[in-house]
Amino acid sequence: MEKGMVSSLADVSIGDSGSVEDGGCTTAARNIPISPAQVSNQDLSLSLSLSLSLVGLVLLHSFLFSQVDAAKVVYRRPTANVAARFAKILFFAHLVAVAILIIFLSLRGFLGRNPTFRPAHWFAPLLTAAASSALVAILWLLFVLRHPAKAIKASLWLAPSLVCAVAVLLLTDGGSSSLAFAVVGLLLALVQSLYGCWIVRRLHHAYEILSISIAAVQPTTTLAKYVALALLAGLVFSSIWTLGAGGVAAGGGSRFAPLYVLLLLLSLGWTMQAIRYTVLVAVAQLAYLSLAFGTETAVPVAFEAAASGALGDVCYGSAVIPLVVAIRGTARAIGLIAGGSDEFLFSCASCYVGIADQLVVRGNRWGFVYARVHGKGLGNASAEVWEMFIKQGMGRLIDTDITSSLCFLSGVTGGGVAALVAGSWATAADKGHVTEATVYAFIIGYFMTRIAMAWPQACVAAYHVVFAENPQSRRMGSCIPTRLRELRSSPH
């Protein structure tokens, strides 16, 4: 059989070597006859193998390339930023300074305190209000995540109602300071009620974008633990903070008391905002990766990156962005009141609005999303993302977005609950410090709720940024394009 096969082969041969003898290698050329059909089959098999290999390499390269891109987004460290580094150093120095101030005020106030001051009647209402505000923040966050439309509607009527109730509680105290804060509360409740009527036409878009964006980040147990840890950090700091505030109250009528209160409030605001923006940066990173790449990252990695790599930007933004938001909000209000009037009273309105528009370019919450995922400083990231918004024609959409307002109303709701708890307790126990306990509890409750609301606010911010980067992405849906068409067709 072998002889017949050999005799039928054509005179085609190739050189081969490699005979092995006794474990050694010798090179002896051999002539191996091969038929034309075998050559054709071998060429076809070789070509097919090479083609499949190339296709496999291309697919493997594409897969690895996409994974590397996503990994770069997750692990890319921010570039050097002098402002962020200075803000981080200043933030930790401020924590040391405020700790010394709290110790000083506590010792000074309680060693030589006013006989009318009773520590139990001070700390029990405030600590209970702080604990209740943490519970309200968690429950409100769950309500927003499960029923965003109902939560938005509830915030529109709960916030003014609770503020009005707090104002009535302060009126029962009868003091001059209580009367002043009660008037402010009633005015705030009136403004919130009018605002709720004014934004009725924007509510549908707010429902839609909030529902779509929060779906990008699944509420896992790990994420809930980190948010609860942030709330715990806020609760611990606010509890320690009440020692300093109590020291001021126990010290009586010191001439430096207003200065001490101002320093304590600034410290409370900066620290709670830093905690809030840490949550916002971490959740925004999770939402961005889900919306832009369809991938997920570990929750601990996101929070570790926000608390370490982006801490400088967080400290800088927590001091600057609230100020920019306040200036821009007042500028828009003045612009609406002034309209096209050129009277002397409103002669500086356009100038003030222009300054506010320049400030928002250098610092905004969308910059946190862009800064973290692209490794840029907050100032440059804010400018770039705002430029993208203008390029995509999203300027008016961002201006009319009410997510920030709804988060503010949610914070007012939490603050109102905490104020009612502390104020009612202080009124029933001792009417000596009802106003201070009520106002401080309101501020603490407001910030605690804002920490929790950083989750949905981060999702909406990431949604805006991802759409501005790639409006044709299929993951974005038609929410923003539909809203843009509505705004273009609407004269106002």
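Cβ coordinates are placed from backbone N, Cα and C, and glycine is handled just like the others.
Among the features that TrEMBL reports, transmembrane segment is placed at 44-65, 86-110, 122-143, 155-172, 178-201, 222-241, 247-267, 274-293, 305-327, 406-427, 439-466.
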Contact yes or no, the transmembrane segment (274-293) and the transmembrane segment (222-241), 3+ Cβ pairs under 8 Å, gap 6+: yes
Whether the transmembrane segment (247-267) meets the transmembrane segment (86-110): three or more C-beta pairs under 8 angstroms: yes
Contact yes or no, the transmembrane segment (406-427) and the transmembrane segment (222-241), 3+ Cβ pairs under 8 Å, gap 6+: no
Proximity of the transmembrane segment (439-466) to the transmembrane segment (122-143), 3+ C-beta pairs under 8 angstroms: yes
Selected stretch (most C-beta pairs under 8 A with the transmembrane segment (222-241)) from 86-110, 122-143, 155-172, 178-201: 122-143
